[in-house]
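Engineer: Below is a structure I'd like to ask you about.
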Amino acid sequence: MLFAFGLTLFAGLATGIGGLIAVARKTVTEGFLAGSLGFSVGVMLYVSFVEILPGAFDELTSVWGEKGGSWAAVIGFFGGIALIAIIDRLVPTAINPHEPSTVGGAVEGFERRNRMMKMGVLTALAIAIHNFPEGFATFLAGLSDPMIAIPVAVAIAIHNIPEGIAVAVPLREATGSRRKALGWATLSGLAEPAGALIGFLLLMPFIGPEALGLCFAAVAGVMVFISVDELLPTAISSGKHHTAIYGLIAGMAVMAISLLLFI
C-alpha cells in the first residue's frame, strides 16, 4: 500500500516541477507567455480528446452498450462544458476578462492581472479534478501490479509537468509572486495522492464504471472549455500568434510521445 501511495505522490508532485520550470525565469516575456500558454492548450486538448474522453467512452459503453454509453459520454462531456461556462458567466463583470473595458491603461493592466489570476485558478481546479480520479487509478495499479504501475506513474508524471506550467505561468503574471505560483501548481498536483487516499477509504466500495466514466467525460469538457475560452485567446492576444500556435503543437507532440512511450 505504501508503495502504491508513493507512486501516486511522485506523479502528483510533478506538477510542482512544472511550476518550478515556469517560475525559474527572471522575467515573463510576451513570447514566453504565449508559448507556454499555447503549450498548455496543446497538452490539455490532446489529453482531453485522446486519453480522457476515450476512457469515458470505454467505461460507459462497457455498462450501457455502444449506443447508450456513447450518448452518456457525449452528455457528460457537454455537461462539463456547460458547468464551467455557467461558472464563468456568474463571475462579476468587474473581474470577468470577457467583458470589454472602456477605461484606459491602468484599468487594462488591472484587468490583465484579473484575467491571469482567474485563468490560473480555473486551470488549477480543472487539473485537480482531473488528477483526482487519475490518482485513484495510479493507486489501484500500484496495488495490483507494480510492474505496470511504475511506467503508468512515470507517464502521468510527464503529463503533469506541463500542467504545472499551465497553472504557474498565469498566476506568476497575476500575483508577481513566484512562491504563490509554485504553491498553486504543487497544490493542484496534490489532488492526485488525495484522490488515492479518499478513493481507498471511501469510494472503492461504491464507485462503478458509470460514475467514473461520467466524471472523465465532464473533466474532458471542462479542460476543453478552459483551453479555448481562456488559455488560447490570452496566448494569441499577447501579439505572438505564431509562438502560441507553435507552443500548442509542441504541447500536443509532448503528450503524444509521452503516451506512446508506455503503450
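The backbone N, Cα and C atoms fix where each Cβ goes, and this holds for glycine too.
Checked Swiss-Prot, it gives:
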TRANSMEM  1-21  transmembrane segment
TRANSMEM  37-57  transmembrane segment
TRANSMEM  68-88  transmembrane segment
TRANSMEM  116-136  transmembrane segment
BINDING   N131, E134, N160, E163, E192  Fe(2+) binding site
BINDING   E134, H159, E163  Zn(2+) binding site
TRANSMEM  138-158  transmembrane segment
TRANSMEM  184-204  transmembrane segment
TRANSMEM  206-226  transmembrane segment
TRANSMEM  243-263  transmembrane segment
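Relative to the rest of the structure, where do these features sit?
Structural biologist: Cβ atoms under 8 Å from those of the transmembrane segment (1-21) belong to residues 127, 131, 134-135, 138-143, 146, 149-150, 153-154, 156-168, 181-182, 184-186, 188-193, 195-197 of the same chain, restricted to positions at least 6 beyond its ends.
Proximity of distant same-chain residues to the transmembrane segment (37-57), defined by a Cβ-Cβ separation under 8 Å and at least 6 residues beyond the stretch ends, is recorded for 69-70, 73, 76-77, 123, 126, 130, 159, 162-163, 165-166, 169-170, 213-217, 219-221, 223-224, 226-228, 231-232, 234-235, 238, 243-256, 259.
Through the fold, the transmembrane segment (116-136) approaches residues 8, 11-12, 15, 40, 44, 52, 84, 91, 95-97, 156, 160, 163, 166-171, 173-175, 181, 184-185, 187-189, 191-196, 198-200, 203, 212, 215-216, 219, 222-223, 226, 230-231, 234 of its own chain, all at least 6 residues removed from its boundaries and within a Cβ separation under 8 Å.
DSSP assigns E192 (Fe(2+) binding site) to a helix in the three-state reduction. Within 10 Å of the C-beta atom of E192 (Fe(2+) binding site) sit 34 other C-beta atoms, taking all shown protein chains into account.
In sequence order, T15, G18, S40, V43, M44, I127, S188, G189 are the residues near E163 (Fe(2+) binding site), counting only same-chain partners six or more apart with C-beta under 8 A.
Long-range contacts of the transmembrane segment (243-263) within its own chain (CB-CB distance under 8 A, at least 6 residues past either end) are made by residues 31, 34-47, 50-51, 151-152, 154-155, 158-159, 162, 232, 235-236.
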Engineer: Could you pull out which residues elsewhere in the chain have a CB under 8 Å from any CB of the transmembrane segment (184-204), counting only those six or more residues past its ends?
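Structural biologist: Long-range Cβ neighbours of the transmembrane segment (184-204): 4-5, 8-9, 11-16, 18-20, 22, 120-121, 123-125, 127-129, 131-136, 138-140, 156, 160, 163-165, 167-168, 171.
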Engineer: Report, as numbers and ranges, every residue of the chain located at least six residues beyond the transmembrane segment (68-88) whose Cβ falls under 8 Å of a Cβ in that stretch; write 'none' if there are none.
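Structural biologist: Distal contacts: 53, 56-57, 59-62, 96, 98, 122, 126, 210, 213-222, 224-226, 229.
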